[in-house]
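Taking it in order: structure first as structure tokens, then the write-up.
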Amino acid sequence: MLQNSTLALTDHEVLSISTVLDAVRKLDNAGVDQCDPLIITQASSLSQLPVESSSLDIVISICRSLEFPCDKLLAEISRVLKPGGTVLIQKTSQSVAGIKDGETSLERKLLMAGFLEAQAIQLKPVVPSEGAQSFGIKAKKPSWKIGSSFSIKKAEKSLPKFQIEDDMDLIDEDSLLTEEDLKKPQLPVDGDCEVGSTRKACKNCTCGRAEEEEKVEKLGLTMDQLNNPQSACGSCGLGDAFRCGTCPYKGLPPFKLGDKVSLSGNFLVADI
């Protein structure tokens, strides 16, 4: 097997070394003076390159056919190039429109073959002829190997740490209370009036019974009528709409006969 740092492929029958070196110079290669390229002519019939894998720095393809190099040959070029190696494909067109279409098609073809950084460059035609113009596309083989893998370390998230000082001043809740707050509340007396079958308000009544009796007196009702309401007509408990003009229960809310009638504290207080 032949080995060399630079390989030139062409579908021409003859290709001069100077043409290959001019193409190498377009790649800004500093070692072009020491370059001794390997040239393969009529390479369109090749299905495999006679070069070891990952042994070349540069592969140059100078062709006149639009189908050269084919997809299979591009895969071979990728095989023989070192990781990060450069490939240059030079073609000829008779029109400016053909150059634009050829560059676009060739860039897409190289990207589909796995090459990176496809870029168009201007080149001299291999065979000078009237109206013929050359164009070239250079690209690079990825610097990593196909099928290589590496592990990605997941960044560990640390929870924020809060420092609590043990000697922090704590407020005693009892110190917030005043002397008035500490006094025991006095519960109201249930009833200090006389206890019996007929309870009446005492002289110094403080439980509110005197006020209730005063309201009853204004209505003209007796305590017996309130405690045991009776009705001769049977309509007194239905409400004012059914009561007669002299009904003693007029003004009271509806109630059931036989139930004790209770007055609210604001029964006789004016609304306005």
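Just so it is clear, glycine is given a Cβ too, placed from its N, Cα and C backbone atoms.
Positions annotated as region 'N-terminal SAM-like domain' by Swiss-Prot: 1-153. Positions annotated as region 'Linker' by Swiss-Prot: 153-182. According to Swiss-Prot, the region 'Fe-S binding site A' annotation covers 193-207, on the basis of sequence analysis. Residues annotated as [2Fe-2S] cluster binding site in Swiss-Prot: Cys193, Cys202, Cys205, Cys207. The region 'Fe-S binding site B' feature in Swiss-Prot is assigned to 233-247; the stated evidence is sequence analysis. Residues or ranges marked as [4Fe-4S] cluster binding site by Swiss-Prot: Cys233, Cys236, Cys244, Cys247. Annotation comment: Swiss-Prot describes 233-236 as motif 'Cx2C motif 1'. Marked as motif 'Cx2C motif 2' by Swiss-Prot: 244-247.
For Cys207 ([2Fe-2S] cluster binding site), the number of other Cβ atoms no farther than 10 Å from its own Cβ, over all displayed protein chains, is 15.
On the 0 to 100 pLDDT scale, the model's mean across the region 'Fe-S binding site A' (193-207) is 64. By the criterion of other Cβ atoms within 10 Å of the residue's own Cβ, the least surrounded of the binding-site residues Cys202, Cys205, Cys236, Cys244 is Cys244.
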